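According to Swiss-Prot, the protein carries these features:
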- 25-44: compositional bias 'Basic and acidic residues' (COMPBIAS)
- Ser45: phosphoserine (MOD_RES)
- Ser58: phosphoserine (MOD_RES)
- 1-63: region 'Disordered' (REGION)
- 76-96: transmembrane segment (TRANSMEM)
- 116-136: transmembrane segment (TRANSMEM)
- 151-171: transmembrane segment (TRANSMEM)
- 174-194: transmembrane segment (TRANSMEM)
- 214-234: transmembrane segment (TRANSMEM)
- 243-263: transmembrane segment (TRANSMEM)
- 344-364: transmembrane segment (TRANSMEM)
- 367-387: transmembrane segment (TRANSMEM)
- 411-431: transmembrane segment (TRANSMEM)
- 446-466: transmembrane segment (TRANSMEM)
- 492-512: transmembrane segment (TRANSMEM)
Amino acid sequence: MSTSADTDTIKKPILAVPEPALADTHSEEISRSGEEHESENNEHSDEEGDNYSEREQSVSTEPLDTLPLRKKLKNLSYITFFAIGIGLLWPWNCILSASQYFKHDIFKDTSIWAKIFTSSMMSFSTISSMLFNIYLAKRQYKYSRRVINGLVWEIIVFTVMCFFTILHFLLPKWFNFMFIMMLVVISSMGTAMTQNGIMAIANVFGSEYSQGVMVGQAVAGVLPSLVLFALAFIENSSVSTTGGILLYFFTTTLVVTICVVMFSVSKISRKVNENWNVEDGHITDVLLGSLRSNEEEIRIVGRIDQMEDEDHRRTNGTRDDNDEGEELQLKVPFEVLFAKLKYLVLSIFTTFVVTLVFPVFASATYVTGLPLSNAQYIPLIFTLWNLGDLYGRVIADWPMFRDQKFTPRKTFIYSLLRVAAIPLFLMFTAITSSSSGDEEHNGSVIVDLCYMLLQFLFGVTNGHVISMSFMKVPEQLDNDDEKEAAGGFTNIFVSTGLALGSIISYVFVFIIDFIIR
């Protein structure tokens, strides 16, 4: 009986772990040894804490969720999540913002390929992303590997895109169209893989890291559209356009490569190995000084590492007897997640369905009074929308929106109210299509400015709802298994909302075509 009790005690994750053999025969000696060790640790805890803070500057001693954004960006772990957020959405926004180049330079505006390009690109991207997210969500492991693998896929896609920009004129339009769609599918799968992995990790780290990913995604929307807006003022020649787009795609490759480097340098999934010594499931006293200041992050990453080490053993054919049971234990049923997250995932779904009409209107509503060409005005609209999206994601961190009184149900209602913007978009499209050729149209500048304001506010509401929804996910869950599984589960609703929104966008293409005629 005594042996059993002592063994149970040893299994607990305590810091000073006695040898199991001594537990049966020398309990008094162990007690004295533990007291001496604790006394020694108290004498040196300050020194060890200082050394640890010098080694791990990425960990803030202050609660991260209470810090302003500029201070959060000094935290290496946070800025890594932020950078990967940029790498997540930059490729998508790069292709979306370059729609005018594809339609004008490759498909020559009037061809059937030019007319269906934007909607087809969104459909191929979102449907493939949805199917791949469903596949990933059922496999709740290898999250860190997914982050790296997805980013590598993006690097390959945009390297190929650079060569395609130079050689596309040698190929027929139909082949160019199908080849671009294939690259879009691979890119969307890479994005899905990275997002699935990083959101699973961010959910466990805390809502502030989820917000870091969201803000990074918004920055990824702003920067490519700013670049394209600047390129619109370059002399309109075939050589300058090709050179500008080539630089545009190369920049995307560079951005994603930086994300890979940062993820490796920050060692989000591996840095615990420098501070732990795990033997037979017991934590040794190497962390006595540092565990106090970094206990939560170490617990999180250590668990992720343990899962990935088990996966590595499986792939090398060295399965433990209980591996099968451990893998099954990791899987959280979707019914459990939906019961806890239904309002949040429905908010995400609704927001993206409504948002996907934005590119159709943005590329079909023309300037009427401002001294800009349509080739300059359309990138400006994309830029304003993305600036609004960024602002919405930043203000989601305000205390009033993180308060428990702003419930998931209120967030869902908020997402439904965005539908009211669609009739306004139709109205502006009708106004600008009837007056775009009339240089003396009264109040046309005001119409342009009002439309720009509408697009900015539409972007604000998109970023606001999405960021709040993802930040509230960890708060609704009870344990780390659920939080990790929620990364893939929420991505299903992201991709499903985008897929349905892209299909609905076809309807608005024909409605807009009817209005313009």
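For all residues, glycine too, the Cβ spot is worked out from N, Cα and C.
Small disclaimer: the values here were computed from a predicted structure and weren't measured.
When each of the listed stretches 116-136, 151-171, 344-364, 492-512 is scored by C-beta pairs under 8 angstroms to the transmembrane segment (446-466), 344-364 comes out highest.
Outside the transmembrane segment (151-171) by six or more residues, the chain places 84, 87, 91, 94, 106, 179-180, 183, 186-187, 189-191, 193-194, 242, 245-246, 249-250, 252-253, 256-257, 259-260, 263 with a CB less than 8 A from a CB of the stretch.
Of the Cβ pairs linking the transmembrane segment (492-512) with the transmembrane segment (344-364) and spaced 6 or more residues apart, 3 or more are under 8 Å, so the two regions touch. Sequence-remote contacts of a segment are chain residues at least 6 beyond its ends whose Cβ falls under 8 Å from one of its Cβ atoms, and for the transmembrane segment (116-136) they are 92, 95-96, 99, 102-103, 107, 146, 177, 180-181, 184-185, 187-189, 191-193, 196, 356, 359-360, 363, 488, 491-492, 494-496, 498-499, 501-503, 505-506, 509. Between the transmembrane segment (243-263) and the transmembrane segment (411-431) there are fewer than 3 Cβ pairs closer than 8 Å, counting only residues 6 or more apart in sequence, so the two stretches are not in contact. Among the listed stretches 76-96, 344-364, 367-387, 411-431, the one sharing the most Cβ pairs under 8 Å with the transmembrane segment (174-194) is 76-96. Tertiary neighbourhood of the transmembrane segment (76-96): same-chain residues 57-59, 64, 118, 121-122, 125, 147, 151, 154, 157-158, 184, 187-188, 190-191, 194-195, 198, 202, 205, 208-209, 212-221, 223-225, 248-249, 252, 255-256, 258-259, 262-263, 266, 268, 297, 359, 382, 386, selected by CB-CB distance under 8 Å and a gap of 6+ residues from either end.
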